Amino acid sequence: MSTFPAPLDPWPAPRASSPVSGTVRVPGSKSLTNRYLVLAALADGPSRLRGVLDSRDSRLMVQALVALGATITEVAPGTVEVTPLPTPVPTTGPDAGPGGPGGPLGDVTIDCGLAGTVMRFVPPVAALVSGTVRFTGDEAALSRPMGPVLDGLAGLGVRMDGPGLDAGTLPFTVHGTGGVDGGRVEVDASGSSQFVSALLLAAPRFRDGLHLVHTGATVPSPEHVGMTVAVLRRCGVQVDDSVPGEWRVSPGPIRALDTAVEPDLSNAGPFLAAAVATAGTVSVPDWPAQTTQIGDRWRSILPAFGARVDFSPTGPDGATGTLTVTGGPRITAPGEIADTGELAPTVAALCLLAEGPGQLTRIGQLRGHETDRLTALATEAGRIGGAVEEGRDHLVFTGLPAGAAPLHGATLETYEDHRMATFAAVVGLAVPDVAIRNIATTAKTMPDFPEMWTRLVGG
Ligand SMILES: O=C(O)C1=C[C@@H](OP(=O)(O)O)[C@@H](O)[C@H](O)C1
Ligand SMILES: C=C(OP(=O)(O)O)C(=O)O
């Protein structure tokens, strides 16, 4: 696995003196890597995953699953073999048994860092092992919402305690007894799609499966729930999502995986945005023709800023292709763009540079991301002279209409948020003297970002 080099801090964001032009290979999807790792750890045999992401979030997931008893070995660069958790021996009930493989783990502590996928997806797995599993994380992680996952697990009979339990946050402890009964449970997942994904991923291993009912306003980031359902089905699990807001997962084995991870299309975003911001051309190879990733929406989002998007299939079966984005002569006013989820910071950077207004709507869940991204984006935009109005679940941008004062340089804060760092890098292409505090925070999902960016845009 690669090591993370230490770039300058603050990092002078490269300014593009001419249109950027290049091809960028982006690493594997964080969301797919961490889902495949969880399912492989719960599967009925050894799995092989190719093109896995190597980043802080994926390493934390690997460490968590290894702590729970899985074996995960890198057998070639980017390829890992996963030997699942041993079948647990229950610590309570008529089949309770002693230690040994599958026996009680003892006390384990899992560091979730700032990874939503680790803090939400792993507790249901911990409930399936025999042992006391304490979950903790970064300071910033302690305010990320967890309540609906914990309430869901409590509703399924899982015993938990710890200082964060009442507030519905880290830290907390799961007392796994080797099995979860499962059944019907209601949760309010309007704060994050990960609350749904977390319970669905482990559900085939619950004795009675799961009937999950969402109560509350819309579940955000629906693409990510779709991804969870798709990967479960791919592992032979029966999932019924025919009733909106309800999911029924049948109990049964999770078939082992032998699969390649798609490139991270969300992380392709800043590079594609560089083409838009500089009237350049950027290509990303290995783009899946069909995907559940939200990043596929770049194809429809970037034309709103005046860019052209071309997809040319490659390979014999046309399953993947090269996506090429060419920026137009002007960055046009995008108008309203809804439900951008984790793409929002990159879209926000383009909204700041556009020649007219834009609104990013229905992104309230971003307040519970690595930082409160609505406040962070409005604050950092203000630092460079950008006009942004912050609403409860939206941002309104004035853009740069003719006669507007140009944006000016500043040192931008990143709040330990990889996407605030890439937001600042996109802005820095067009605004002189932008520096970025803690660019190394991009290691959460893309450790090589500073080098990749410098290679593409110069500097
Ligand atoms: O399940 C996942 O892999 C993710 C779900 C989304 O969370 P929210 O529903 O909280 O937006 C997304 O923003 C996050 O980056 C990754
Ligand atoms: C919200 C994000 O991450 P997490 O998986 O930690 O929720 C993100 O990557 O934009």
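Every residue, even glycine, has its Cβ placed from backbone N, Cα and C.
Your range for region 'Disordered', going by TrEMBL and the list 1-24, 97-120, 145-168, 241-264, is 1-24. Among R59, R233, R419, only R419 appears in TrEMBL as part of the phosphoenolpyruvate site alongside K30, G116, R144, Q194, R373, K444. Sequence-distant neighbours of Q365 (3-phosphoshikimate binding site) (same chain, 6+ apart, CB under 8 A from its CB) are S190, G191, S192, S193, P220, S221, G341. Here the Cα atom of Q194 (phosphoenolpyruvate binding site) is found 11 Å from that of R35 (3-phosphoshikimate binding site).
Working note on the binding-site residues R35, R419, K444: by count of other C-beta atoms within 10 Å of each C-beta, R419 ranks first. In terms of Cα spacing, the binding-site residues R35, R144, R419 that come within 10 Å of E342 (active site, proton acceptor) are R419. Annotation for K30 (3-phosphoshikimate binding site): same-chain Cβ neighbours under 8 Å, separated by at least 6 residues, are L53, S55, D57, S58, T117, D264, S266, N267, T445.
Here R35 (3-phosphoshikimate binding site) is positioned 20 angstrom away from R419 (phosphoenolpyruvate binding site), judged by their C-alpha atoms.
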